[in-house]
Amino acid sequence: MSNPQSIVVLGGGSWGTAVAHLLATGGHKVHLVLRSQKLADYINMHHENNIYLPGFSIHPAIHAVTGKISFLTKEPAHVLAKATIVILSVPCQSLRPVLQELEPLLTKNCILVNTAKGIEVETLKTVEQMILDEMAHRVSHYAVLSGPSFAEEVMCEKPTAVVLACRNEQLGEHLREIFSTPWFRTYSSTDVTGVELGGATKNVIAIAAGVSDGLGFGINTRVALMTRGLAETTRLGKALGASPLTFSGLSGLGDLFLTCSGELSRNRQVGLRLGKGELLKNITNSMNMIAEGIKTTYAVNTLASKLNVDMPITKAVYNVLEGVISPHEAVQKLLCRQLRNESLDETQPIWTDIP
């Protein structure tokens, strides 16, 4: 086991809670920072996150804390000042103001590990790029943890494999030891861009896969969407400097397969319900956890257009979310695209008939 660390997990959703449990199981001192005082009190008393992970026992060594208004107040500020590692488990679209609050509280060598999966809609930036904006001097101490990992299965200690990417290879190897247990295997990588993009775009493709399932199509259709979705994700990754090989790994193909086929996938559930005819507004209003793929679809579609990268499945999901076309029409549009060589790596968009 690695030396015990003082770790703060920001965000008490299902994944933040599961990561906190994982690290506490590994013998580390873990604080879980929430916004809800009621939930923090419940976790400390009952060792259960009854809102986001009901029915699962949380390691009793985890201590939940909260600030009334922001992370800068009272106990959270105290624990952050002593943290050697801070885990960012806040939804991507809400992360930037959290980073701004964090900066003055952290020690010089504090390590930031991101678990959020998305691209900021307003700026089209990844989390690493947000770190560069808000705390550039810390980017050498930044890593991202991603891969096929449902929180519920991590809580049950079912064998899981993920990847941790850090541009500092030595630091990445150090972190993979901290995040590994006999049932949770962590691989290391230096391709931060590729790992972040794989984690973000798979949620878009998962919505498409859910739409297909909701329409009553078969496994053939779902796997076709997954495979071609991986192809367009790889094209975007190459345009942004990522290694194409990363997308065949855990944060690419692995996470894509899990999210497109798993019953626990929130993004697939969004697509499934869209395919069955529900309105997007009604779907989102009924969910108590965020499906990152909705906002990510808008960001990825805009980014692809800006970079002139052909991403027809992403475009189709965007148009369904916008109500431009029906789910069934979107599938038909994809099937009626110009026939081509499978290995063709387009630099020019070839689907231009939908705005």
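Including glycine, each Cβ sits where the backbone N, Cα and C put it.
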Binding-site annotation, Swiss-Prot, sn-glycerol 3-phosphate: partner of LYS117, GLY147, SER149, LYS202, SER265, ARG266, ASN267 in ASP191, ASP255: ASP255
Residue from ALA81, ALA151, ALA231 that Swiss-Prot also lists as binding NADPH with SER14, TRP15, ARG35, LYS117, ARG266, ILE290, GLU292: ALA151
GLY147 (sn-glycerol 3-phosphate binding site) versus binding-site residues SER14, TRP15, ARG35, ILE290 - nearest by Cα: TRP15
Distance [Cα-Cα, Å, rounded] between ASN267 (sn-glycerol 3-phosphate binding site) and GLU292 (NADPH binding site): 7
SER149, SER265, ASN267 as binding-site residues, winner by CB count within 10 A: ASN267
Inter-residue Cα distance where the pair is ASP255 (sn-glycerol 3-phosphate binding site) and ILE290 (NADPH binding site), in Å: 18
Secondary structure at ARG35 (NADPH binding site), reduced by DSSP to three states: coil
